[in-house]
Amino acid sequence: MQDQYILALDQGTTSSRAMLFDRQGNIVSIAQKEFEQIYPQPGWVEHDPQEIWSTQAGVAAEAVTRTGLNGTSIAAIGITNQRETTIVWDRETGQPVYNAIVWQDRRTADFCDSLKKQGLEAKVRAKTGLPIDSYFSATKIRWILDNVPGARDKARQGKLAFGTVDSWLVWNFTKHELHVTDVTNASRTMLFNIHTREWDSELLELLDIPRSMLPDVKASSEIYGHTKTTVFASKIPLAGIAGDQHAALFGQMCTTSGMVKNTYGTGCFLMMNTGDKPIESKNNLVTTIAWQIGDDVQYALEGSIFIAGAVVQWLRDGVGIIKTAAEIEALAASVPHTDGVYLVPAFAGLGAPHWNARARGSVFGVTRGTTSAHLARAALDAIAYQSLDVLAAMEADSGISIGELRVDGGASANDLLMQFQADLLGVDAVRPQITETTALGAAYLAGLAIGYWKNLDEVRSQWQLDRRFAPSMPKEQVEQRMAGWQRAVRAAKAWADDTQ
């Protein structure tokens with residue numbers, strides 16, 4: 001097995017990617033292809049499931065062949081994916097009955113409101129760890145059954161299959177033989193009991209979704225089956241599955257209770273490992289399964305921030321004060337602080353821990369002396385402040401004081417932002433050498449299942465530090481800044497409340 005590699009497939013919201021990793025956890029090859037975003041109506045977001053499959057299969061082959069290798073060089077495949085996105089297909093033909101309804105899609109928001117009005121939120125949260133929201137898969141499945149002609153009849157006859165993106169890829173890689181998912185993806189459907197780790201019959205009945213549609217739920221690291229497609233001539237074990245944020249938590253080696261990672265992308269996704277027991281959040285966080293390896297199940301708390309890197313894109317495309325996103329660090333660093341300016345980037349409402357859909361983006365503290373540099377710095381600071389709000393909620397829910405924050409994602413390359421994040425938290429922000437932690441996590445899960453890596457300790461030893469950012473700002477200064485931020489958030493919420 002000396003010359004073999006692990007292939008990680010990273011099926012994201014805007015592109016399908018594939019990466020080859022060697023035994024040291026280094027990236028050997030990478031391929032990526034974007035695909036179409038479909039917006040049939042305002043608030044609706046869809047993907048073509050066949051395009052998800054064709055782009056993912058295409059980059060898988062490309063990542064392997066561009067290094068002069070073939071399928072025999074692949075020891076196993078690990079899959080990580082955009083979560084919650086919902087695909088329903090015909091078991092006989094393998095054809096989708098409707099486009100994939102993407103996690104961002106809000107078409108079922110009114111139906112979710114009606115469930116809340118029936119007083120069901122506490123029950124759903126107790127079973128699934130999730131609030132009732134159109135973000136999750138359950139109401140998307142129901143929408144397809146209610147709105148695609150003949151779908152409900154076919155579903156009752158056992159002729160339809162539902163899957164999140166991982167299930168759809170495995171179904172196609174095995175030529176319609178395997179209909180499986182893992183516990184992490186199942187835990188994002190709003191149909192899965194995270195305590196019993198089974199599909200919940202009461203929730204299925206409530207939403208009128210036949211049990212026969214659902215995939216078998218497996219661990220995140222086991223051999224599910226082997227590839228049977230023409231993508232690879234040889235049969236390759238499919239051996240790891242995890243939703244993208246769960247895979248990133250594993251790739252960051254946040255393997256013990258209290259360890260936290262923050263992925264800085266378009267939004268921010270913070271996840272804390274809470275060990276072998278789920279913690280019900282009292283602070284508007286989501287409780288979820290982190291992963292399962294063998295009989296060992298780890299749980300996590302998660303908080304999502306809607307706008308992080310997107311605020312930098314707005315400064316570039318909407319306001320025009322920078323030409324490229326990379327310019328923001330130098331512009332922001334040209335002033336020592338924001339001079340009292342606060343930017344609350346609630347362009348799409350506020351996510352965790354506020355969950356205020358009506359709040360809107362606001363800038364406070366502007367004076368005649370305010371410059372584009374102050375705005376740029378306020379934008380970066382806002383990413384760190386929002387992350388702090390979620391981390392404070394995590395500490396309150398878990399009773400665990402955070403020792404350090406492991407960071408990844410595009411904006412983690414911004415040293416100014418990382419330093420300010422450490423200053424606010426009062427603990428180190430730690431950046432690894434390999435920031436492709438989502439794909440790496442999927443690779444590790446697959447490799448562990450087949451013995452490519454012996455155990456968790458061997459994998460842990462591969463995590464390498466790029467840079468550690470230690471807090472250096474005086475405590476009273478931090479408290480003053482945080483008080484200003486909290487005031488700005490209160491003002492943004494008040495603005496929203498006054499529009500009633």
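Yeah, the Cβs are placed from backbone N, Cα and C, and that goes for glycine too.
Since this is a predicted model, take the numbers as computed values, not measurements.
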From Y5, Y135, Y299, the one annotated by Swiss-Prot with R83, E84, D244, Q245 for glycerol:
Y135
Check Swiss-Prot for me: it has T13, T14, S15, G309, Q313, G410 binding ATP, so pick out which one of T263, T266, T367 it puts in that same site.
T266
Around the sn-glycerol 3-phosphate site formed by T13, R83, E84, Y135, D244, which additional residues qualify by having Cβ within 8 Å of the site's Cβ center?
N81, Q82, T85, V102, W103, R188, G243
For Q245 (glycerol binding site), which of these binding-site residues sit within 10 Å, Cα to Cα: T14, Q313, N414?
none
For the binding-site residues T13, T14, S15, which one has its C-beta crowded by the most other C-beta atoms within 10 angstroms?
T13
Nearest recorded site to T266 (ATP binding site) by CA-CA distance, among binding-site residues T13, R17, R83, Y135, N414:
T13
Do me a favour and check the Cα-Cα span between D244 (sn-glycerol 3-phosphate binding site) and R17 (ADP binding site); whole Å is fine.
12
Any further residue of that chain within 8 Å (Cβ to the Cβ centroid of R83, E84, Y135, D244, Q245) of the recorded glycerol site:
Q82, T85, W103, R188, G243
Output, ordered by sequence, the same-chain residues six or more apart from R17 (ADP binding site) with a CB under 8 Å from its CB, or 'none'.
L9, D10, Q11, I30, A31, Q32, K33, V59, A439
